[in-house]
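Colleague: Okay, these came from TrEMBL:
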ACT_SITE  361  active site, nucleophile
BINDING   261, 308  S-adenosyl-L-methionine binding site
DOMAIN    143-424  domain 'SAM-dependent MTase RsmB/NOP-type'
Ligand SMILES: C[S@@+](CC[C@H](N)C(=O)[O-])C[C@H]1O[C@@H](n2cnc3c(N)ncnc32)[C@H](O)[C@@H]1O
(Lines of atoms letter the chains of each structure in order from A and count residues from 1; the text may use other names and numbers.)
(Lines give C-alpha, C1' and ligand atoms only; values in the text may rest on other atoms or scores of the structure.)
Protein backbone atom coordinates (compact mmCIF):
# COMPACT_ATOMS: atom_id res chain seq x y z
CA UNK A 1 0.00 0.00 0.00
CA UNK A 2 1.29 3.43 -0.90
CA UNK A 3 0.00 6.83 -1.90
CA UNK A 4 0.15 6.00 -5.64
CA UNK A 5 -2.10 2.98 -5.15
CA UNK A 6 -4.45 5.12 -3.10
CA UNK A 7 -4.57 7.75 -5.86
CA UNK A 8 -5.16 5.16 -8.59
CA UNK A 9 -7.90 3.39 -6.65
CA UNK A 10 -9.57 6.74 -5.96
CA UNK A 11 -9.54 7.59 -9.68
CA UNK A 12 -11.09 4.23 -10.59
CA UNK A 13 -13.67 4.47 -7.85
CA UNK A 14 -14.58 7.99 -8.83
CA UNK A 15 -15.39 6.69 -12.29
CA UNK A 16 -17.34 3.68 -10.93
CA UNK A 17 -19.36 5.94 -8.65
CA UNK A 18 -20.81 7.78 -11.64
CA UNK A 19 -22.90 4.58 -12.03
CA UNK A 20 -23.49 5.10 -15.72
CA UNK A 21 -22.18 1.64 -16.66
CA UNK A 22 -21.27 -1.62 -14.87
CA UNK A 23 -18.31 -1.55 -12.47
CA UNK A 24 -16.70 -4.71 -13.91
CA UNK A 25 -16.41 -2.99 -17.31
CA UNK A 26 -14.80 0.05 -15.67
CA UNK A 27 -12.34 -2.19 -13.86
CA UNK A 28 -11.27 -3.99 -17.05
CA UNK A 29 -10.92 -0.67 -18.85
CA UNK A 30 -8.81 0.74 -16.00
CA UNK A 31 -6.45 -2.24 -16.08
CA UNK A 32 -6.15 -1.97 -19.87
CA UNK A 33 -5.05 1.63 -19.42
CA UNK A 34 -2.59 0.74 -16.64
CA UNK A 35 -0.67 -2.21 -17.99
CA UNK A 36 2.25 -1.31 -15.73
CA UNK A 37 0.35 -2.58 -12.66
CA UNK A 38 1.49 -5.90 -11.21
CA UNK A 39 -0.74 -8.77 -10.03
CA UNK A 40 -0.67 -7.75 -6.37
CA UNK A 41 -1.39 -4.11 -7.11
CA UNK A 42 -4.29 -5.10 -9.38
CA UNK A 43 -5.72 -7.35 -6.68
CA UNK A 44 -5.46 -4.58 -4.08
CA UNK A 45 -7.11 -2.00 -6.33
CA UNK A 46 -9.94 -4.35 -7.34
CA UNK A 47 -10.63 -5.57 -3.81
CA UNK A 48 -10.57 -2.07 -2.37
CA UNK A 49 -12.79 -0.52 -5.06
CA UNK A 50 -15.29 -3.40 -4.81
CA UNK A 51 -15.07 -3.27 -1.02
CA UNK A 52 -16.16 0.36 -1.11
CA UNK A 53 -18.98 -0.40 -3.58
CA UNK A 54 -20.29 -3.11 -1.23
CA UNK A 55 -20.40 -0.75 1.74
CA UNK A 56 -20.89 2.54 -0.09
CA UNK A 57 -23.87 3.87 1.84
CA UNK A 58 -22.45 3.07 5.25
CA UNK A 59 -19.04 4.45 4.29
CA UNK A 60 -20.55 7.69 3.06
CA UNK A 61 -22.30 8.14 6.36
CA UNK A 62 -19.27 7.25 8.42
CA UNK A 63 -16.94 9.50 6.43
CA UNK A 64 -19.53 12.20 5.70
CA UNK A 65 -18.29 12.13 2.12
CA UNK A 66 -19.73 13.52 -1.06
CA UNK A 67 -18.89 11.04 -3.82
CA UNK A 68 -18.44 13.51 -6.67
CA UNK A 69 -15.22 14.97 -5.29
CA UNK A 70 -11.94 13.22 -5.81
CA UNK A 71 -10.86 14.02 -2.28
CA UNK A 72 -13.91 12.47 -0.78
CA UNK A 73 -13.48 9.27 -2.76
CA UNK A 74 -10.18 8.93 -0.93
CA UNK A 75 -12.09 9.46 2.29
CA UNK A 76 -14.37 6.58 1.36
CA UNK A 77 -11.34 4.37 0.77
CA UNK A 78 -9.87 5.39 4.10
CA UNK A 79 -13.16 4.66 5.85
CA UNK A 80 -13.24 1.23 4.17
CA UNK A 81 -9.69 0.40 5.23
CA UNK A 82 -10.26 1.53 8.82
CA UNK A 83 -13.84 0.45 9.50
CA UNK A 84 -14.23 -2.64 7.32
CA UNK A 85 -10.68 -3.93 6.94
CA UNK A 86 -9.81 -3.01 10.52
CA UNK A 87 -6.55 -1.23 9.60
CA UNK A 88 -4.96 1.00 12.20
CA UNK A 89 -3.86 4.53 11.35
CA UNK A 90 -0.28 3.33 11.83
CA UNK A 91 -0.84 0.57 9.21
CA UNK A 92 -1.78 3.29 6.74
CA UNK A 93 0.98 5.73 7.64
CA UNK A 94 2.87 5.35 4.34
CA UNK A 95 -0.06 6.23 2.17
CA UNK A 96 -1.45 9.23 4.05
CA UNK A 97 -0.54 12.89 3.99
CA UNK A 98 -1.15 15.09 7.04
CA UNK A 99 -4.68 16.04 5.99
CA UNK A 100 -5.64 12.43 5.36
CA UNK A 101 -4.27 11.47 8.76
CA UNK A 102 -6.70 13.96 10.27
CA UNK A 103 -9.57 12.36 8.31
CA UNK A 104 -8.45 8.96 9.49
CA UNK A 105 -8.62 10.06 13.13
CA UNK A 106 -12.14 11.47 12.60
CA UNK A 107 -13.33 8.32 10.82
CA UNK A 108 -11.88 6.05 13.45
CA UNK A 109 -13.78 7.84 16.23
CA UNK A 110 -17.15 7.84 14.43
CA UNK A 111 -19.73 5.19 15.38
CA UNK A 112 -22.77 3.93 13.53
CA UNK A 113 -25.10 4.98 16.33
CA UNK A 114 -28.37 6.28 14.92
CA UNK A 115 -27.83 4.82 11.44
CA UNK A 116 -31.02 3.44 9.91
CA UNK A 117 -31.29 -0.34 9.22
CA UNK A 118 -31.08 0.33 5.46
CA UNK A 119 -27.74 2.12 5.98
CA UNK A 120 -26.46 -0.77 8.09
CA UNK A 121 -27.72 -3.24 5.45
CA UNK A 122 -26.02 -1.03 2.87
CA UNK A 123 -28.87 -0.87 0.40
CA UNK A 124 -31.24 1.78 -0.87
CA UNK A 125 -34.41 2.42 1.15
CA UNK A 126 -36.81 1.11 -1.53
CA UNK A 127 -34.96 -2.20 -1.78
CA UNK A 128 -34.71 -2.54 1.99
CA UNK A 129 -38.46 -1.93 2.39
CA UNK A 130 -39.25 -4.62 -0.17
CA UNK A 131 -36.91 -7.13 1.45
CA UNK A 132 -38.37 -6.46 4.91
CA UNK A 133 -41.91 -6.92 3.55
CA UNK A 134 -40.86 -10.29 2.08
CA UNK A 135 -38.53 -11.73 4.67
CA UNK A 136 -38.96 -9.68 7.88
CA UNK A 137 -36.27 -7.36 9.22
CA UNK A 138 -33.92 -9.97 10.75
CA UNK A 139 -33.66 -12.15 7.63
CA UNK A 140 -33.52 -9.12 5.35
CA UNK A 141 -30.48 -7.94 7.32
CA UNK A 142 -28.85 -11.40 7.12
CA UNK A 143 -29.43 -11.48 3.35
CA UNK A 144 -27.93 -8.03 2.83
CA UNK A 145 -24.94 -8.84 5.04
CA UNK A 146 -24.34 -12.10 3.22
CA UNK A 147 -23.93 -9.96 0.10
CA UNK A 148 -20.97 -8.15 1.71
CA UNK A 149 -18.94 -11.30 1.15
CA UNK A 150 -17.07 -12.04 -2.05
CA UNK A 151 -18.60 -14.87 -4.06
CA UNK A 152 -16.64 -18.08 -4.39
CA UNK A 153 -15.27 -19.11 -7.77
CA UNK A 154 -17.45 -21.98 -8.98
CA UNK A 155 -16.59 -24.11 -11.98
CA UNK A 156 -18.87 -26.35 -14.00
CA UNK A 157 -17.24 -29.44 -15.40
CA UNK A 158 -18.22 -29.95 -19.01
CA UNK A 159 -19.26 -33.59 -18.93
CA UNK A 160 -18.96 -33.80 -22.72
CA UNK A 161 -15.20 -33.63 -22.26
CA UNK A 162 -14.33 -34.59 -18.68
CA UNK A 163 -15.60 -35.97 -15.38
CA UNK A 164 -15.76 -34.05 -12.13
CA UNK A 165 -13.46 -36.58 -10.44
CA UNK A 166 -10.79 -36.09 -13.10
CA UNK A 167 -10.92 -32.27 -12.93
CA UNK A 168 -11.00 -32.22 -9.12
CA UNK A 169 -8.02 -34.56 -8.87
CA UNK A 170 -6.01 -32.36 -11.21
CA UNK A 171 -6.98 -29.13 -9.44
CA UNK A 172 -6.03 -30.62 -6.08
CA UNK A 173 -2.72 -31.94 -7.39
CA UNK A 174 -1.84 -28.54 -8.83
CA UNK A 175 -2.97 -26.52 -5.83
CA UNK A 176 -0.03 -24.58 -4.48
CA UNK A 177 -1.97 -21.70 -2.95
CA UNK A 178 -1.93 -21.91 0.82
CA UNK A 179 -5.43 -22.10 2.36
CA UNK A 180 -7.02 -22.56 -1.06
CA UNK A 181 -9.73 -25.10 -0.31
CA UNK A 182 -10.94 -26.84 -3.47
CA UNK A 183 -14.08 -28.95 -3.06
CA UNK A 184 -17.06 -30.31 -4.90
CA UNK A 185 -20.10 -28.00 -4.73
CA UNK A 186 -22.75 -29.08 -2.20
CA UNK A 187 -25.66 -29.38 -4.64
CA UNK A 188 -24.58 -29.38 -8.27
CA UNK A 189 -23.28 -32.79 -9.40
CA UNK A 190 -20.89 -31.12 -11.85
CA UNK A 191 -19.61 -28.22 -9.76
CA UNK A 192 -16.22 -27.50 -8.19
CA UNK A 193 -15.70 -24.66 -5.71
CA UNK A 194 -12.36 -22.89 -5.55
CA UNK A 195 -11.38 -21.11 -2.36
CA UNK A 196 -9.16 -18.63 -4.09
CA UNK A 197 -9.82 -16.72 -7.29
CA UNK A 198 -7.24 -18.09 -9.71
CA UNK A 199 -6.91 -16.82 -13.25
CA UNK A 200 -8.92 -19.72 -14.62
CA UNK A 201 -9.22 -18.24 -18.13
CA UNK A 202 -5.61 -19.25 -18.86
CA UNK A 203 -5.84 -22.75 -17.37
CA UNK A 204 -5.47 -25.61 -19.83
CA UNK A 205 -8.66 -27.27 -18.53
CA UNK A 206 -10.47 -24.07 -19.46
CA UNK A 207 -8.89 -23.59 -22.88
CA UNK A 208 -9.59 -27.25 -23.67
CA UNK A 209 -13.26 -26.70 -22.78
CA UNK A 210 -13.32 -29.09 -19.84
CA UNK A 211 -14.45 -26.42 -17.38
CA UNK A 212 -16.54 -23.25 -17.46
CA UNK A 213 -16.90 -20.59 -14.79
CA UNK A 214 -20.48 -20.74 -13.52
CA UNK A 215 -22.06 -20.07 -10.14
CA UNK A 216 -23.46 -23.23 -8.58
CA UNK A 217 -26.91 -21.64 -8.47
CA UNK A 218 -26.83 -21.10 -12.20
CA UNK A 219 -25.69 -24.71 -12.74
CA UNK A 220 -28.71 -25.89 -10.75
CA UNK A 221 -31.09 -24.04 -13.04
CA UNK A 222 -30.11 -26.30 -15.92
CA UNK A 223 -30.97 -29.32 -13.72
CA UNK A 224 -34.34 -27.71 -13.05
CA UNK A 225 -34.92 -27.50 -16.81
CA UNK A 226 -34.12 -31.24 -16.79
CA UNK A 227 -33.82 -31.69 -20.54
CA UNK A 228 -33.78 -35.25 -21.80
CA UNK A 229 -31.72 -36.80 -24.56
CA UNK A 230 -33.02 -36.03 -28.02
CA UNK A 231 -35.41 -33.26 -26.96
CA UNK A 232 -36.09 -29.88 -28.57
CA UNK A 233 -34.96 -27.20 -26.12
CA UNK A 234 -34.98 -23.39 -26.39
CA UNK A 235 -33.03 -20.95 -24.26
CA UNK A 236 -34.96 -17.80 -25.04
CA UNK A 237 -32.67 -15.34 -23.20
CA UNK A 238 -29.41 -17.17 -23.72
CA UNK A 239 -27.01 -14.23 -23.35
CA UNK A 240 -23.42 -15.50 -23.48
CA UNK A 241 -24.77 -19.01 -22.96
CA UNK A 242 -23.85 -19.92 -19.39
CA UNK A 243 -27.00 -22.01 -19.02
CA UNK A 244 -27.24 -23.00 -22.68
CA UNK A 245 -23.91 -24.80 -22.54
CA UNK A 246 -24.90 -26.55 -19.33
CA UNK A 247 -28.16 -27.66 -20.98
CA UNK A 248 -26.28 -28.97 -24.02
CA UNK A 249 -24.07 -31.08 -21.76
CA UNK A 250 -27.12 -32.46 -19.90
CA UNK A 251 -28.62 -33.38 -23.28
CA UNK A 252 -25.38 -35.28 -23.99
CA UNK A 253 -25.04 -33.40 -27.25
CA UNK A 254 -28.23 -34.95 -28.65
CA UNK A 255 -31.52 -33.37 -29.75
CA UNK A 256 -31.64 -29.69 -30.74
CA UNK A 257 -30.83 -26.74 -28.59
CA UNK A 258 -31.71 -23.22 -29.75
CA UNK A 259 -30.12 -20.17 -28.14
CA UNK A 260 -31.93 -16.88 -28.73
CA UNK A 261 -31.02 -13.41 -27.52
CA UNK A 262 -31.46 -9.78 -28.53
CA UNK A 263 -27.79 -8.98 -27.88
CA UNK A 264 -25.39 -9.71 -30.74
CA UNK A 265 -22.39 -9.13 -28.48
CA UNK A 266 -23.52 -11.74 -25.97
CA UNK A 267 -24.33 -14.28 -28.66
CA UNK A 268 -20.85 -13.72 -30.12
CA UNK A 269 -19.39 -14.60 -26.73
CA UNK A 270 -21.54 -17.70 -26.73
CA UNK A 271 -19.96 -18.57 -30.08
CA UNK A 272 -16.45 -18.53 -28.53
CA UNK A 273 -17.55 -20.66 -25.61
CA UNK A 274 -19.38 -23.04 -27.91
CA UNK A 275 -16.18 -23.78 -29.82
CA UNK A 276 -14.45 -24.85 -26.60
CA UNK A 277 -17.42 -26.86 -25.38
CA UNK A 278 -17.43 -29.56 -28.05
CA UNK A 279 -21.22 -29.27 -28.42
CA UNK A 280 -22.68 -29.69 -31.88
CA UNK A 281 -26.41 -29.69 -31.09
CA UNK A 282 -26.64 -25.94 -30.53
CA UNK A 283 -27.89 -23.23 -32.84
CA UNK A 284 -27.69 -19.56 -31.84
CA UNK A 285 -30.03 -16.97 -33.35
CA UNK A 286 -30.22 -13.24 -32.88
CA UNK A 287 -33.77 -11.96 -32.45
CA UNK A 288 -35.13 -8.40 -32.34
CA UNK A 289 -37.39 -9.14 -29.42
CA UNK A 290 -39.63 -11.95 -28.16
CA UNK A 291 -42.08 -11.26 -30.98
CA UNK A 292 -39.50 -11.74 -33.73
CA UNK A 293 -40.99 -13.56 -36.72
CA UNK A 294 -38.07 -16.00 -36.67
CA UNK A 295 -39.70 -17.59 -33.64
CA UNK A 296 -43.11 -18.06 -35.27
CA UNK A 297 -42.33 -21.28 -37.17
CA UNK A 298 -41.16 -22.82 -33.88
CA UNK A 299 -44.45 -22.36 -32.03
CA UNK A 300 -45.53 -25.54 -30.19
CA UNK A 301 -42.27 -27.30 -31.04
CA UNK A 302 -40.28 -27.32 -27.80
CA UNK A 303 -40.11 -29.83 -24.95
CA UNK A 304 -38.36 -27.25 -22.78
CA UNK A 305 -38.22 -23.47 -22.98
CA UNK A 306 -35.96 -21.67 -20.54
CA UNK A 307 -36.67 -18.00 -19.85
CA UNK A 308 -33.63 -16.74 -17.96
CA UNK A 309 -35.26 -13.35 -17.91
CA UNK A 310 -33.61 -9.95 -17.99
CA UNK A 311 -33.85 -8.84 -14.36
CA UNK A 312 -32.50 -6.42 -11.77
CA UNK A 313 -29.68 -8.83 -10.88
CA UNK A 314 -30.19 -7.96 -7.22
CA UNK A 315 -29.41 -11.57 -6.27
CA UNK A 316 -25.85 -11.17 -7.56
CA UNK A 317 -24.71 -8.34 -5.30
CA UNK A 318 -21.69 -10.33 -4.11
CA UNK A 319 -20.33 -10.10 -7.65
CA UNK A 320 -22.01 -6.90 -8.81
CA UNK A 321 -22.35 -4.64 -5.76
CA UNK A 322 -22.77 -1.57 -7.99
CA UNK A 323 -26.25 -2.86 -8.92
CA UNK A 324 -27.43 -1.85 -5.44
CA UNK A 325 -26.85 1.74 -6.36
CA UNK A 326 -27.67 1.60 -10.06
CA UNK A 327 -31.05 -0.17 -10.01
CA UNK A 328 -34.18 1.84 -9.23
CA UNK A 329 -37.74 0.89 -8.41
CA UNK A 330 -38.71 2.27 -11.81
CA UNK A 331 -36.19 -0.05 -13.52
CA UNK A 332 -37.79 -3.03 -11.77
CA UNK A 333 -41.27 -1.97 -12.89
CA UNK A 334 -40.04 -1.72 -16.50
CA UNK A 335 -38.37 -5.13 -16.24
CA UNK A 336 -41.62 -6.64 -14.96
CA UNK A 337 -43.35 -5.79 -18.24
CA UNK A 338 -40.53 -7.41 -20.26
CA UNK A 339 -40.47 -10.48 -18.00
CA UNK A 340 -44.22 -11.11 -18.41
CA UNK A 341 -44.07 -10.58 -22.16
CA UNK A 342 -41.12 -12.94 -22.71
CA UNK A 343 -42.72 -15.58 -20.49
CA UNK A 344 -46.00 -15.34 -22.41
CA UNK A 345 -44.09 -15.76 -25.67
CA UNK A 346 -42.26 -18.79 -24.28
CA UNK A 347 -45.63 -20.40 -23.53
CA UNK A 348 -46.41 -20.37 -27.26
CA UNK A 349 -43.12 -22.06 -28.16
CA UNK A 350 -43.84 -24.92 -25.77
CA UNK A 351 -45.58 -28.13 -26.91
CA UNK A 352 -48.31 -29.86 -24.91
CA UNK A 353 -46.59 -31.93 -22.23
CA UNK A 354 -43.54 -29.66 -22.48
CA UNK A 355 -42.26 -27.24 -19.86
CA UNK A 356 -41.45 -23.56 -19.54
CA UNK A 357 -38.93 -22.65 -16.88
CA UNK A 358 -38.88 -19.05 -15.69
CA UNK A 359 -35.76 -17.90 -13.85
CA UNK A 360 -34.21 -14.71 -12.51
CA UNK A 361 -31.20 -13.76 -10.41
CA UNK A 362 -33.34 -11.39 -8.38
CA UNK A 363 -34.58 -11.60 -4.80
CA UNK A 364 -37.64 -9.47 -5.39
CA UNK A 365 -41.14 -10.89 -5.27
CA UNK A 366 -42.14 -8.44 -8.02
CA UNK A 367 -39.76 -10.15 -10.46
CA UNK A 368 -40.33 -13.67 -9.15
CA UNK A 369 -43.49 -15.04 -7.49
CA UNK A 370 -45.66 -12.18 -8.80
CA UNK A 371 -44.67 -12.89 -12.41
CA UNK A 372 -45.14 -16.65 -11.93
CA UNK A 373 -48.58 -16.21 -10.30
CA UNK A 374 -49.78 -13.81 -13.00
CA UNK A 375 -48.58 -16.24 -15.66
CA UNK A 376 -50.58 -19.12 -14.16
CA UNK A 377 -53.66 -16.92 -13.91
CA UNK A 378 -53.43 -15.93 -17.56
CA UNK A 379 -52.48 -19.44 -18.78
CA UNK A 380 -54.87 -22.09 -17.50
CA UNK A 381 -53.28 -24.48 -20.00
CA UNK A 382 -50.19 -24.56 -17.73
CA UNK A 383 -49.72 -25.99 -14.25
CA UNK A 384 -46.96 -25.40 -11.74
CA UNK A 385 -44.62 -28.34 -11.16
CA UNK A 386 -43.01 -28.09 -7.71
CA UNK A 387 -39.31 -27.35 -8.06
CA UNK A 388 -38.62 -29.64 -5.09
CA UNK A 389 -40.07 -32.54 -7.11
CA UNK A 390 -37.86 -31.85 -10.12
CA UNK A 391 -34.78 -31.52 -7.93
CA UNK A 392 -35.55 -34.82 -6.19
CA UNK A 393 -35.94 -36.52 -9.59
CA UNK A 394 -32.49 -35.18 -10.47
CA UNK A 395 -31.12 -36.64 -7.20
CA UNK A 396 -30.31 -33.16 -5.92
CA UNK A 397 -31.13 -32.64 -2.26
CA UNK A 398 -32.46 -29.13 -2.36
CA UNK A 399 -36.03 -28.63 -1.25
CA UNK A 400 -37.08 -24.99 -1.37
CA UNK A 401 -40.77 -25.78 -1.97
CA UNK A 402 -42.84 -24.95 -5.04
CA UNK A 403 -40.25 -22.61 -6.45
CA UNK A 404 -36.50 -22.96 -6.56
CA UNK A 405 -35.24 -20.17 -4.32
CA UNK A 406 -31.53 -19.96 -3.68
CA UNK A 407 -30.04 -17.46 -1.29
CA UNK A 408 -26.38 -16.68 -0.53
CA UNK A 409 -26.70 -17.08 3.24
CA UNK A 410 -28.54 -20.42 2.96
CA UNK A 411 -27.01 -22.05 -0.10
CA UNK A 412 -23.72 -20.25 -0.72
CA UNK A 413 -24.89 -19.38 -4.24
CA UNK A 414 -26.03 -16.13 -5.81
CA UNK A 415 -29.70 -15.37 -5.25
CA UNK A 416 -31.82 -17.19 -7.82
CA UNK A 417 -35.50 -17.82 -8.34
CA UNK A 418 -37.10 -20.29 -10.73
CA UNK A 419 -40.51 -21.75 -11.49
CA UNK A 420 -41.42 -24.74 -13.66
CA UNK A 421 -44.67 -24.70 -15.66
CA UNK A 422 -45.95 -27.69 -17.61
CA UNK A 423 -48.28 -27.30 -20.57
CA UNK A 424 -51.26 -29.53 -19.95
CA UNK A 425 -53.38 -28.74 -22.98
CA UNK A 426 -53.62 -26.55 -26.06
CA UNK A 427 -53.94 -22.83 -25.42
CA UNK A 428 -57.42 -21.39 -25.68
CA UNK A 429 -57.85 -17.81 -26.83
CA UNK A 430 -60.49 -17.28 -24.20
CA UNK A 431 -57.93 -18.15 -21.55
CA UNK A 432 -58.13 -15.09 -19.33
CA UNK A 433 -58.31 -14.71 -15.58
CA UNK A 434 -61.86 -14.65 -14.14
C1 LIG B 1 -30.15 -12.91 -17.27
S2 LIG B 1 -29.49 -12.58 -18.82
C3 LIG B 1 -29.19 -14.16 -19.50
C4 LIG B 1 -28.00 -14.86 -18.94
C5 LIG B 1 -27.70 -16.18 -19.63
N6 LIG B 1 -28.87 -17.03 -19.73
C7 LIG B 1 -26.60 -16.96 -18.92
O8 LIG B 1 -26.87 -17.96 -18.26
O9 LIG B 1 -25.44 -16.54 -19.06
C10 LIG B 1 -30.90 -12.05 -19.71
C11 LIG B 1 -30.71 -11.95 -21.21
O12 LIG B 1 -31.96 -11.60 -21.80
C13 LIG B 1 -31.69 -10.91 -22.99
N14 LIG B 1 -32.93 -10.26 -23.41
C15 LIG B 1 -33.43 -9.06 -23.08
N16 LIG B 1 -34.61 -8.85 -23.68
C17 LIG B 1 -34.88 -9.95 -24.41
C18 LIG B 1 -35.96 -10.34 -25.26
N19 LIG B 1 -37.00 -9.53 -25.47
N20 LIG B 1 -35.90 -11.55 -25.86
C21 LIG B 1 -34.85 -12.38 -25.65
N22 LIG B 1 -33.78 -12.05 -24.86
C23 LIG B 1 -33.81 -10.86 -24.24
C24 LIG B 1 -30.54 -10.01 -22.62
O25 LIG B 1 -29.81 -9.60 -23.76
C26 LIG B 1 -29.72 -10.91 -21.68
O27 LIG B 1 -28.70 -11.54 -22.38
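The backbone N, Cα and C atoms fix where each Cβ goes, glycine too.
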Colleague: How many Å lie between the Cα of residue 261 (S-adenosyl-L-methionine binding site) and the Cα of residue 361 (active site, nucleophile)?
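Modeller: Per the Cα atoms, residue 261 (S-adenosyl-L-methionine binding site) and residue 361 (active site, nucleophile) stand 17 Å apart.
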Colleague: Do any residues at least six apart in sequence from residue 361 (active site, nucleophile), in the same chain, have a Cβ closer than 8 Å to its Cβ, and if so which, in order?
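Modeller: Listed in sequence order: 217, 218, 311, 313, 314, 315, 316, 414, 415, 416, 417.
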Colleague: Given the binding-site residues 261, 308, which one's Cβ is surrounded by the fewest other Cβ atoms within 10 Å?
Modeller: 261
Colleague: Please report the three-state DSSP label of the residue listed as 'active site, nucleophile'.
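Modeller: In three-state terms, the residue listed as 'active site, nucleophile' counts as coil.
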Colleague: Per DSSP, to which secondary structure element type does residue 308 (S-adenosyl-L-methionine binding site) belong, with helix, strand and coil as the options?
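Modeller: It is in a strand.
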